[in-house]
Structure formats: structure tokens, C-alpha cells
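These notes are about the structure you will find just below.
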Amino acid sequence: MNIHEYQAKELLAKFGVGIPAGIAALTVEEAVAAARQLPGPLYVVKAQIHAGGRGKGKFKELPAEAKGGVRLAKSIEEVEAFAREMLGNTLVTIQTGEAGKQVNRLYVTDGVDIAKEYYLSMVVDRATGRVAMIVSTEGGMDIEEVAHSTPEKITTIVIDPAEGFMPHHGRAVAYGLKLEGELNKQAQTLAGQLYAAFMALDCAMLEINPLVETKDGNLLVLDTKMSFDSNALYRHPDVMALRDETEEDPAEIEASKYDLAYIKLDGDIGCMVNGAGLAMATMDIIKLNGMFPANFLDVGGGATTEKVTAAFKIILSDPAVKGILVNIFGGIMKCDVIAEGIIAAAKEVNLSVPLVVRLEGTNVQQGKDLLNTSGLPIVSANDLGDAAAKIVAEVKKAA
Ligand code: ADP
Ligand code: MG
């Protein structure tokens, strides 16, 4: 789960992390009121969307020369004008895709006199099973480009969970950022605070870009992105309350209610599969047959009729879907039970596109017999290759 910049900053502030003063706003009036509470004379008006690259982004509704979603205002009047331009409009950045994201919230924050921008992020490194802190002297810009062209400017510090954060980790972070004197000490303290926050909140990722050195010699977090391990969210009702569903795909929200792992993709074949590995293989074999999957969908081991029906509805709510491929292995569940679920669901949702079903496992023959005698236009397949070839042929035939 992702949260907004202002929410992440509020969480980090509780761990002592230095952030510029700022207030979130939902309307132009709130933005003006927020600016009045800040010392000024420089303010920054920042679009709050779950995507980065806002500064260099473009608003669909504004002329091409208009600035992006992070604007420096020199007066309250400018704050008002920028808020008016941003709220309700669609910001397109390299991370939003072409459709962009509508800006419904702003963050009005203190303008900072920046001496230098740095990069600092934390991730769970799957290779080592540890939290890694990644730092670079090249902040504010595209870190992927830095990693590609000047990898020597990036330092990774891995922290052993049994040992926890030690003073040497802090020194390594400060050294990687090439900081000296007072700033070096601040970086060591900051690294410890960030590690504490990351662990306490069960973060999956924390990125600070830029971390800045101010002209008066302080380190401040200017931009931050934070995401959480969804398996640990139950431990953090306060974090869960920060969820902004308007930033998420409605079908993915619906799927999460039924505990379905659903991810929308760009193709035409809707997939309903049990098990993530089988789902991946199903997507691969659809591609091998010349078409593309419209989604990834893992209904899980114990797929009930209710779950199968919900999954069907979610797949069919996607107007791009031209056919559905169901690929279920009846291991824990029996194929006849699954077939009953599919038939009930297909009747309930009034199936309008071709449906190919491949069942394998316990009671497979009873399952196939049920499908064949259901009276529904369900095409039964024998194996994965057969199923993919059949759904592609059916979709082409229907087109
Ligand atoms: P994004 O990464 O989405 O473009 P950032 O918050 O990183 O958004 O803002 C882009 C740039 O705007 C920063 O690299 C920084 O140079 C500038 N900026 C952001 N916040 C402030 C601020 N409070 N004061 C001064 N400059 C800022
Ligand atoms: Mg940034």
C-alpha cells in the first residue's frame, strides 16, 4: 500500500526526522489558509498523487509551457493561483502513464533554500533478506539514470536484522553522501531515525529524493515516498487509515475485498487461475499463442463459488476483455466443486464473451461432465496449451 507525501512526512516527523513545515489542503481556500500559517516568504505547492516525477510532469488541461505539479510560490496570491490551476486537473508524469492522475489534494510547504540535493532510500533486499539503505550524492534527479551511467556514485549499506542499526551503519551512510562535520553527524542521526521508522511501520520501501542540505547547514527531507508490506498492515490501523482509495484501481480494490490477487494488465484475455505460479504460466502461454492477458488473477487455494463469482464480475467489468480463460488445478478443491462454481458464476453474470475452462486434478471427469452438460457456451480444454490455443481461436472467431 502506498500513501501520500504529506502523510509519509507526518509519520517520519514522529521519529524525529527533519521535514519542512507544511499543511495538506483539499481546496483553494484551504491552500491559502495553509500558506498563511507558514512563515513564508517562499512556499511550495505540491500535487499529492501516488506517483513521482511531479516536478517535471505536465497538466493535461494546462498549456504546454505551464509548470508541473511542484511549484515555487513567492506570495500567498501565487499559492492561490497555483492551487487553482492544479486542483481537479490531471497531472501526467513518467510514473503515471499516459492517462495521468487527477490532483485532489495539495501540500503547501515551506520553500527551502537548497545548497545540494542527495538521494537516500530503503528497501527490503530479497537477495540478502535484509533491509538495504541506498544513498547517493546525486539527488533530485532520475536515480535509475545515475545507477546506469555512474554506478560508483551509489552506495548500498545492508543492515542485519539480528544486529539492528549500529553506529557504523550511520557512518557508512554519511560517508556515502560525502558529508563532513555537522552535516555528517546529522546524516548519521537521520539514518538511525529512518531505520527505526522503517522497522516500526513495516515499510516495504522508503525513498527520499531529494534529501537536501540547506544553505544554513541542515539536512531536510524534501520529498518522500513510502509503501508498506500489505501482509503486515493488520498491525497498523493508523497506517491503514491513510489509504486513499481514489489513487487505486477500482477493480483492484474490489478484488482485495474478496482476498483475490488481481492486477490489471493491457491485453484482451481475462484470466482466472488458482496459484500465482500457474497464473504466471497461463499469462505466458497466452502470449505464446499471440494474444495478451488482460489481468493477473489468483483466486487462491480455497476458491469458493462466491470468490469465483466475484472474480468473474471483476474480469467482466474490464471493457478490454474479449474472452476468459479459466485455468484451475483441483488439488485441495475438487474439480466438480469448481465446475459448479464456474457454472453458477457464469449464469449469474450473464456471460457475454467466450469462456474456455481447463480443469485438472481430483474428480476432473465429473467436473468436465458438469461443464459439458451445463447448457452454457463453455469450451472445455484438456491442458494448458490446448486451453490457450482455444481461447485465442474463440476470441478471433467472435471478432
Ligand atoms: P517529484 O519527485 O515528484 O518531482 P519533489 O518533491 O522531489 O517532487 O520536487 C521536485 C523538486 O522541487 C525537488 O528536487 C526540489 O528541487 C524542488 N522542491 C521540492 N520541495 C521543495 C521545497 N519545499 N523547497 C524548495 N524546493 C523544493
Ligand atoms: Mg522527488
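Along the chain as shown, residues are numbered 1 onward.
Every residue, even glycine, has its Cβ placed from backbone N, Cα and C.
Some features that TrEMBL has for this protein:
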type: BINDING; residues: LYS46, GLY53, ARG54, GLY55, VAL112, GLU117; note: ATP binding site
type: BINDING; residues: ASN209, ASP223; note: Mg(2+) binding site
type: BINDING; residues: ASN274, GLY331, ILE332, MET333; note: substrate binding site
type: DOMAIN; residues: 9-241; note: domain 'ATP-grasp'
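Features as recorded by TrEMBL, highlighted on the structure.
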{"residue": "LYS46", "record": "ATP binding site", "contacts (Cβ under 8 Å, 6+ apart)": "GLU5, ARG54, GLY69, VAL70, ARG71, LEU106, TYR107, VAL108, THR109"}
{"residue": "GLY55", "record": "ATP binding site", "contacts (Cβ under 8 Å, 6+ apart)": "GLY68, GLY69, VAL70"}
{"residue": "VAL112", "record": "ATP binding site", "contacts (Cβ under 8 Å, 6+ apart)": "PRO20, LEU42, VAL44, VAL212, THR214, LEU220, LEU222"}
{"residue": "GLU117", "record": "ATP binding site", "contacts (Cβ under 8 Å, 6+ apart)": "GLY139, GLY140, MET141, PRO210, LEU211, VAL212, LEU222"}
{"residue": "ASN209", "record": "Mg(2+) binding site", "contacts (Cβ under 8 Å, 6+ apart)": "GLY52, TYR119, LEU120, SER121, GLY139, GLY140, ILE143, ASP223, LYS225"}
{"residue": "ASN274", "record": "substrate binding site", "contacts (Cβ under 8 Å, 6+ apart)": "ASP298, VAL299, GLY300, GLY301, ALA303, ILE328, PHE329, MET333"}
{"residue": "GLY331", "record": "substrate binding site", "contacts (Cβ under 8 Å, 6+ apart)": "GLY301, GLY361, THR362"}
{"residue": "ILE332", "record": "substrate binding site", "contacts (Cβ under 8 Å, 6+ apart)": "GLY301, GLY302"}
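Around the Cβ of GLY53 (ATP binding site), the same chain contributes THR93, ILE94, GLN95, THR96, each under 8 angstroms and 6 or more positions distant in sequence. Residue annotation for substrate gives ASN274, GLY331, ILE332, MET333. The furthest Cα pair among them is separated by 11 Å.
Residues from the binding-site residues list (GLY55, VAL112, ASN209, ASP223, ASN274) with a C-beta closer than 6 Å to any atom of ligand 2: ASN209, ASP223.
Less than 6 Å separates the Cβ from ligand 1 in the case of none of the binding-site residues ASN274, GLY331, ILE332, MET333. In this view, ASP223 (Mg(2+) binding site) is surrounded by 21 other Cβ atoms within 10 Å of its Cβ, with every protein chain counted.
Fewest Cβ neighbours within 10 Å among the binding-site residues ARG54, MET333: this applies to MET333. Excluding ASN274, GLY331, ILE332, MET333 themselves, the residues of that chain whose CB lies within 8 A of the CB mean position for the substrate site are, in sequence, GLY301, GLY302, ALA303, ILE328, PHE329, GLY330, ILE338, GLY361. Between the farthest pair of Cα atoms in the ATP binding residues (LYS46, GLY53, ARG54, GLY55, VAL112, GLU117), the distance is 19 Å. For the domain 'ATP-grasp' (9-241), the model's pLDDT averages out at 95. According to its DSSP assignment, ILE332 (substrate binding site) is coil.
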